[in-house]
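Database features (TrEMBL):
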type     : residues : note
DOMAIN   : 224-308  : domain 'SH3'
TRANSMEM : 57-78    : transmembrane segment
TRANSMEM : 106-137  : transmembrane segment
Amino acid sequence: EKSQDCMYLQYCKVCQSYKAPRSHHCRKCNRCVMKMDHHCPWINNCCGYQNHASFTLFLLLAPLGCIHASFIFVMTMYTQLYNRISFGWSSVKIDMSPAKRDPRPIIPFGLSAFAASLFALGLALGTTIAVGMLFIIQMKVILTNKTSIESWIEEKAKDRIQYYQTGETFIFPYDMGSKWKNFKQVFTWSGIPEGDGLDWPVRDGCHQYTLTIEQLKQKADKRVRSVRYRAIEDYSGVCCPVTKGVKTFFTTPCTEEPRIALSKGDLILATRGLKHWMYGEKILDSDADGGIRERGWFPRKCVEKCQYDSETDQPVDGEKKNR
């Protein structure tokens, strides 16, 4: 509504518009998502402002359903094996032949059925643990009125302030100070979240653009720390390249972030790095690519540092200082 507020907002080159506070662009959905938490491949959608409550309930109900299934599997195997197990002095014998009793069971319980039930029980218990942990993580961020991305932004804010010793104090603006108030921001009786996804209530001492200003500072800091590299080998963009060395193959980053293909001579701005991999953005012709950026991981041995880059002649973030 106020054009002067644009200076506090991030601009999305893909969507060709300004991002609302708490919004982020999703590469999978190819759009900006309000209050984006993450992209979930299991629901083939982003978890954000409109469906945060529904997604969290899914994380609760899925383990409960698996617990119910586990109980059924356990009771099935117990009742079917009760009359088949004989205990001797030195061994335990299980008779998996058809039960000699009347009436015969509607579904015969043989060796294959026992193996399938045991395998399904393992899947149910594994899903209960894995999805249950995700539910606990989601509830922690909801009770502080954050998303997973905003928790990472807050950590980077503390890191930036400590690194530069600016003396600033970053206060997360959307934490109302009460877990119940934060809970009501997501869960409502109607199922429709409060607000419009653009304007949010903030705590005292903060305003609507406190978080976006911090994001702009972090982006500026990333540009300062970025290092220019030039590709000296071609790289196809595969997840685990065989031709780039054994260590590169086995230390591929365990993340869903993309890999970028490189051709000899390409320029890349690297922002962070591991021992055998680096993450950065390929420098493209802005007129030819239509504003689309190519960012991702690539093997370190495929590039070399540009020697005469006065703007970014620094070590890669992560090598400069172990913080």
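Cβ from N, Cα, C; glycine included.
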**Prompt:** Where DSSP helix means H, G or I and strand means E or B, what are the helix, strand and coil counts for the domain 'SH3' (224-308)?
**Reply:** 14 helix, 30 strand, 41 coil
**Message:** Please compute the mean pLDDT of the model over the domain 'SH3' (224-308).
**Reply:** 85
